[in-house]
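Student: Per Swiss-Prot, the feature active site, proton donor maps to E538. Per Swiss-Prot, the feature active site, nucleophile maps to E635. What Swiss-Prot lists as compositional bias 'Polar residues' is 291-352. The annotation domain 'RsgI N-terminal anti-sigma' is assigned in Swiss-Prot to 2-49. Per Swiss-Prot, domain 'GH10' is recorded for 402-701, and the stated evidence type is sequence analysis. What Swiss-Prot lists as region 'Disordered' is 274-352. Annotated topological domain 'Cytoplasmic' per Swiss-Prot: 1-55, in sequence order, evidence recorded as a curator's inference. Annotated topological domain 'Extracellular' per Swiss-Prot: 77-760, in sequence order, evidence recorded as a curator's inference. Taken from Swiss-Prot, the feature transmembrane segment applies to 56-76.
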Amino acid sequence: MIVGKVLDMDEKTAIIMTDDFAFLNVVRTSEMAVGKKVKVLDSDIIKPKNSLRRYLPVAAVAACFVIVLSFVLMFINGNTARKNIYAYVGIDINPSIELWINYNNKIAEAKALNGDAETVLEGLELKEKTVAEAVNEIVQKSMELGFISREKENIILISTACDLKAGEGSENKDVQNKIGQLFDDVNKAVSDLKNSGITTRILNLTLEERESSKEENISMGRYAVYLKAKEQNVNLTIDEIKDADLLELIAKVGIDNENVPEDIVTEDKDNLDAINTGPAESAVPEVTETLPATSTPGRTEGNTATGSVDSTPALSKNETPGKTETPGRTFNTPAKSSLGQSSTPKPVSPVQTATATKGIGTLTPRNSPTPVIPSTGIQWIDQANERINEIRKRNVQIKVVDSSNKPIENAYVEAVLTNHAFGFGTAITRRAMYDSNYTKFIKDHFNWAVFENESKWYTNEPSMGIITYDDADYLYEFCRSNGIKVRGHCIFWEAEEWQPAWVRSLDPFTLRFAVDNRLNSAVGHFKGKFEHWDVNNEMIHGNFFKSRLGESIWPYMFNRAREIDPNAKYFVNNNITTLKEADDCVALVNWLRSQGVRVDGVGVHGHFGDSVDRNLLKGILDKLSVLNLPIWITEYDSVTPDEYRRADNLENLYRTAFSHPSVEGIVMWGFWERVHWRGRDASIVNDNWTLNEAGRRFESLMNEWTTRAYGSTDGSGSFGFRGFYGTYRITVTVPGKGKYNYTLNLNRGSGTLQTTYRIP
């Protein structure tokens, strides 16, 4: 949907000016009038008239008049409406919403601060409702949309800002009383949330601090956390706080009741343990951070590729809980699945064991004060594994207690990683979705995806004004329904040969018009859906737009995309297989930054021939890491008829990238022989759905980089393990009471993550 003001009309068409001062020729509708603000669809845009260029000077004058008129009306209407606003209540889940409160302590307006919030607020009528009523409706809608799940830990940050002088000169003299009533209402909302098993935190801000949050384009609540972090000398930037997981953020900063008025209590201090909803249901555990002990944390886990345990038998007192299994390095073909290929969980379901430890603290090996990581006998792999253990894992300490907070000994605990924090992805294509083997392989092996061609300009708009997203929408819905995150590739492509044919023939004036339309259409269509966008593919190798529209078009593409969808992350994306190309990419990002562009990440293509030089790759990653940005291998493949060499190439890239601290994801550019753009010699899955050697190597790595820990609690009710970052399913079996299921989010952080599960 595009919003703009009508500047001129004839019998069939109208010219509108959008909020970013783009001029569009659109189909006229009956409700249009010159000067009126209207909404039009992408499909309403028609090819620009020849007269549009001549019209621009007149349009500019009209635009100035419309802008001045708009400011006058906005000033009059805005002042009238806002005189009755005296307080603001912020709600941060991941959707961030701000409620404007009038003197009646009712909602005057609900503002969406991000795309997720727009989705939540759609269809909700919150005006004239109390804060408690509004919070309840927002939470219910967030549950329906999956932003809040009873199967995982949830926390809601509520922030307030009140105008203590708002009542001066008005009929409402008792502002302090109004504020007291407002906090009573907030308390009721908090109480309702607590009864639902949702943890809350409340923070107060001044109006000046609220204004500062608006200037920084961050919610009140997250800005309050930023101020708290500064106060406690916690090194977090505003950008990091904008994007951080709330649960991890609050634990790291240590948000408690210090900023909360005395009459607002967010949690029962005598009941900070997990809220259990009963056997076989999810509960919300208490999560706290501890600093590492002075001794070296133990690494008591071992990896195996033999599968997972299907049952949770109770252990006798004579058995050793959490026995460690340490297999050797093998690449034998795993058991065959019904598809004929090896059956492996999503890069998300490993096999690991851990030893239960005494007390709560960092994990310590039973028999050794030094870290133990099994050696493969291959030096570069051992070195990579040391780095992986350091940067991709964290210690966890689970404590199981009864309703009286007494530790439960010999409770059987199983922790299984169900979704890896690291991105393991693939390019997918609509033309293969007919095959159930294809879709099953995606669901079983990947947590990220990118569309091979379906979100590129030449696919979305093959002829000027003929726009379609049908194939992309189909792929997105498949990913969404299977919990797979999506990278957007790409808004533009700087190489001339990859432009739509009609774009190559445009003069600069019309091309500039087309660039705006593409931004509005593509980014607007996928707003709130794509996690990442590659803004302009291959900027260090092409100059189609730059040569025709000037170098300023590059910053404009990034900045305008962010205006349309401020919640996506915007990447540069280039083929980088040499150190020179890495230097060129660093120079490009630094130039964009000098032009006021915020670049969120660096995408690296890796389309290799018959070899992958791991030392060269590490050198490239080291050069790019000086930018202090997340790095993604966005397109990987290697073409060679020797499938064993192809397997070695795959491991060289995956293990080198996974062991580099700046890399956050790896996306292979297809996997199945039949639809791979480079054919059989680049695939990991044969046409008949058997794995070739490269596929077996891939599955072996995925098994190696997953975690399954199991064992029994000790006398203090404790069980510990070290696992990869990600989401875990925790199952606690208590003899005589049954089985209890929980969800644990193991995020990056210092020290041991401690959590307590209370068994009723």
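One is the number of the first residue shown, and numbering goes on along the chain from there.
Using N, Cα and C of the backbone, Cβ positions are placed for all residues, glycine too.
Quick caveat, the model's predicted, so the values are computed rather than measured.
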Student: State the mean pLDDT for the domain 'RsgI N-terminal anti-sigma' (2-49).
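Tutor: When the pLDDT values over the domain 'RsgI N-terminal anti-sigma' (2-49) are averaged, the result is 77.
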Student: For E635 (active site, nucleophile), what is the secondary structure by DSSP, using just helix, strand and coil?
Tutor: strand
Student: Cβ neighbours within 10 Å, counted over all protein chains: which one of the active-site residues E538, E635 has the most?
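Tutor: Ranked by Cβ atoms within 10 Å, first place goes to E635.
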Student: Counting by DSSP, what is the helix, strand and coil composition of the topological domain 'Cytoplasmic' (1-55)?
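Tutor: Helix/strand/coil tally for the topological domain 'Cytoplasmic' (1-55): 7 helix, 24 strand, 24 coil.
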Student: Rounded to a whole number, how many Å is the Cα of E538 (active site, proton donor) away from the Cα of the residue listed as 'active site, nucleophile'?
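Tutor: Cα to Cα, E538 (active site, proton donor) and the residue listed as 'active site, nucleophile' are separated by 12 Å.
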Student: Provide the three-state secondary structure of the residue listed as 'active site, proton donor' computed with DSSP.
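Tutor: It is coil.
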